[in-house]
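The block underneath contains the structure these notes are about, expressed in structure tokens.
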Amino acid sequence: MAPRAASPALSENEFDITGALFQNDSESDNERSSAKSKRQPKKKIPSQDLDFLGDVNDDDGDEAFIAQQQTSANRKASNLKGRTVKKGGGFQAMGLSANLLKAIARKGFSVPTPIQRKTIPVIMDDQDVVGMARTGSGKTAAFVIPMIEKLRSHSTKVGARGLILSPSRELALQTLKVVKELGKGTDLKCVLLVGGDSLEEQFTMMAGNPDIVIATPGRFLHLKVEMNLDLYSIRYVVFDEADRLFEMGFAAQLTEILHGLPPNRQTLLFSATLPKSLVEFARAGLQEPTLIRLDTESKISPDLQNAFFSIKSSEKEGALLYILHEVIKMPTGPTEMAQQRQGEDASARFSKANKRKRAEMEKAVNTKESPTQHSTIVFAATKHHVDYLYSLLHEAGFAVSYVYGALDQTARKIQVQNFRSGLSNILVVTDVAARGIDIPILANVINYDFPSQPKIFIHRVGRTARAGRKGWSYSLVRDADAPYLLDLQLFLGRRLVVGRENGDHVNFAEDVVAGGLPRDGLSQNCEWVTKVLGDDADIAAQRTVATKGEKLYMRTRNSASLESAKRAKQVVSSDHWTSIHPLFQDESSNLEAEREKMLARIGGYRPSETIFEVNTRRIGKQESEEALNTIKRVRTTLETKKKRSKANAKSEFLEDAPEGLKTGEGEAGKNEDEAAFSDADDIDAPTGVADDMSLASDSELEVTFSSYSQSNGNKSKKASAASFQNPDYFMSYTPNNNSLAEDRAYGVHSGTNSNFAQASRSATMDLAGDEGSRGFGEPRTMMRWDKRHKKYVARQNDEDGSKGTRLVRGESGAKIASSFRSGRFDAWKRGNRVGRMPRVGEAEAPNLAAGLNAALSGKRFKHRREQAPKRADPLRGDYEKMKKKADKAKERSMSKAGGAAAGGKSELRNTDDIRIARKLKQRRQEKNARPSRKR
């Protein structure tokens, strides 16, 4: 038998996939045709020239050779001609099709974002997902890429297979753009259903059997009820920015839509935050969802440094200006980017060369990779605070942008883009508006209004100190906010440093450091604010509105814990609370600290005698004896209360101790404190207990504390009786060890993210509305007072937008507006002569599909058919007008058909026309030659 070939045949893994990736590409074809002339001879693999005749029967050597060749082929990027192959870990490793990879490369995506890297593999495994991601983090591609991969191509069976619900028209348009760009290599049909567009055109689109529907909940529910749509064919559902969907009042629409979806669908829910109402919705509408949350969103960066400034309520505006001027060193006037744009020549701005320059500059300047040291976000409580702070900071000369929940989507996009591009250094926002904004170039965060929950604080400051960069957060803390500061300190598990009680040795990244601002600079800024409020009536009016909004915000925000409220009284009453913050460590701040101490001593001075006792020496004892007795009684009462409070404070740690450690009955003559401590010292330790408890083992500690608890004299008979349980055979229902977290981690079905309810408990966070309105799911009154009719009316009609109109019950039982069943779809079918609509699962009708293609192409149908006009009626008043119209129509038809009148009226005259023209000309000449009548 002849020996086989020296090198093994090429395996399928070594197949060149360039043609599959870039087929039907004009650019790649041109590159290949131009490269044919310059093609170099293919390099030989060195191992192919080796002699393998001696290793014919060596299978291990062949396997090693094949593995080596495959490894080298996968490692070298030169095998793909004309293209650059990305390293592993990108989109190529996710098992996507060639057309989709080509569309992703054309879109400019090279490396998936963190949310895409975590979400796409889970979605490809047909699991329901709850993803927490902000706008700008790539979440749109995170659910569009798997959707296109799953749907692949257009289905001739009737029924949409993908549904994406967005809260606004603008966001739906952005999603449609991404779907069209990523689905370029497929024949998937996508429609957009938003309010404001013609219902008849949307009827045509839905009748043409689209594959993907991108819609707002209100318009989609309208079409569902009007057209009686069957949603049983939908396999892929996405709720984009679900928190905004609930916030904008789409809860009833979402419930009705969710009721009509099939149970075997795959549901994805993306949101910037996870309120409690959204958790309940996810548990009801999703099947065993997986919570995907980035680690950077749930913890504070170790590179973040925090500073907390204790201020008074009347000093908040001045403190904000002082931080911007003195701490951050924020420049006033236009920013550098704004100056560059202003410096461009207006005449040459629209030239082609300058356009090319600006385009290249915008591509070169990547906003995500060019942070500035002055980019700052200021968090305020309500939208009224945002308006007020924007006007105040703009008056101070800063470049400011602002965003709040009720702002128009276009205006919101413009304001955020100005901040991202560097046209403004400060962005004033509310928690509700900022939850969906992803700004990776942030350097500073200022909490103008202190957050009411530690999770909200982490959500705010988590936007800075990313990717190894340093960042600062500055918080203004009033006396009323001190309990929330202590809650935050306990949540973070860090040391609380107030003022300079520990000297200058503090770590702003590991400690919660609080203190006051320098009085001189703060007073100057407060005086400037007072002057502006006196001069500008508009800003003063905005401050009045913000004050009223703050009262409502204080009433509706969460309350702090009771223990933190008790501790806050002691912290606020201490002298260190108002002392200079350790952040200011220069010589002037030291002098300011000494000045504050002197003022505190002067302010805390209390004379030894009251005015009544001083007057005794002047007037006499007889006249002031009654006043002196009153003062003595008050002073005695106060001294007794002080002693009692000290005794209670010292004996607090003995409340839970055994009675053997408390005061003995036979030592009543001693003081309470002395007796307690003497008894504690006289009690002998139990047998076998070591003096040094830090060196005791676990078993010794168990014996020690068990005998320690059994030494109590007031034991019950049940506890003192011998136990019937035999330790050799009895199995306890409670675990013997305390490492429950370790046992849960080893469980197959009890991992960190397997239980959505448990995983979402740490991620749940409710944000207060920035307009004072209650969020979805919060309790509210069902009735309201109608001033016009002088009676209580139902509030539900105001919430669903029907304003007292008639409501009907939907399929899910929820009330929907009766205007959804208006009969316009039946009129559209009669007008378009459409009979029975095909049902879900049937083959699509070709005429309806053609109508959809025409609607998607953007070209509207125009009536071009010409018919003979009706004969004019002599009895009508417009007979002459209609007759002329009919004559003109006949002339046009004759010109099109050809003949005597083809191409318009003939210019050639016959003999009759010439004779008539000569007569008219002769008459004119005779008339002009007549002599005048005056002669």
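Indices start at 1 and increase along the chain as displayed.
Just so you know, glycine gets a Cβ as well, placed from its N, Cα and C.
Per Swiss-Prot, the features are:
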type	residues	note
REGION	1-51	region 'Disordered'
COMPBIAS	35-45	compositional bias 'Basic residues'
MOTIF	89-117	motif 'Q motif'
DOMAIN	120-292	domain 'Helicase ATP-binding'
BINDING	Ala133, Arg134, Thr135, Gly136, Ser137, Gly138, Lys139, Thr140	ATP binding site
MOTIF	240-243	motif 'DEAD box'
DOMAIN	360-514	domain 'Helicase C-terminal'
REGION	638-674	region 'Disordered'
COMPBIAS	662-673	compositional bias 'Basic and acidic residues'
REGION	857-935	region 'Disordered'
COMPBIAS	866-881	compositional bias 'Basic and acidic residues'
COMPBIAS	906-916	compositional bias 'Basic and acidic residues'
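Mean pLDDT for the domain 'Helicase C-terminal' (360-514) in this predicted model: 83. With helix defined as DSSP H, G or I and strand as E or B, the compositional bias 'Basic and acidic residues' (866-881) counts 3 helix, 0 strand, 13 coil. Listed as Cβ neighbours of the motif 'DEAD box' (240-243) (distance under 8 Å, sequence separation of 6 or more from its ends, same chain) are residues 135, 139-140, 143, 164-167, 171, 175, 269-275, 278, 281, 435-436. Take the binding-site residues Arg134, Lys139: by the count of other Cβ atoms within 10 Å of each Cβ, the lowest one is Arg134. Helix, strand and coil counts under DSSP for the motif 'Q motif' (89-117) come to 18 helix, 0 strand, 11 coil.
Long-range Cβ neighbours of Thr140 (ATP binding site) (same chain, at least 6 residues apart, Cβ-Cβ under 8 Å): Gln174, Thr175, Val178, Asp240.
Ranking the binding-site residues Ala133, Ser137, Gly138 by other CB atoms within 10 A of the CB puts Gly138 at the bottom. Look at the compositional bias 'Basic and acidic residues' (906-916): DSSP puts its residues at 6 helix, 0 strand, 5 coil.
Sorting the motif 'DEAD box' (240-243) by DSSP state (H, G, I as helix; E, B as strand; all else coil) yields 2 helix, 0 strand, 2 coil.
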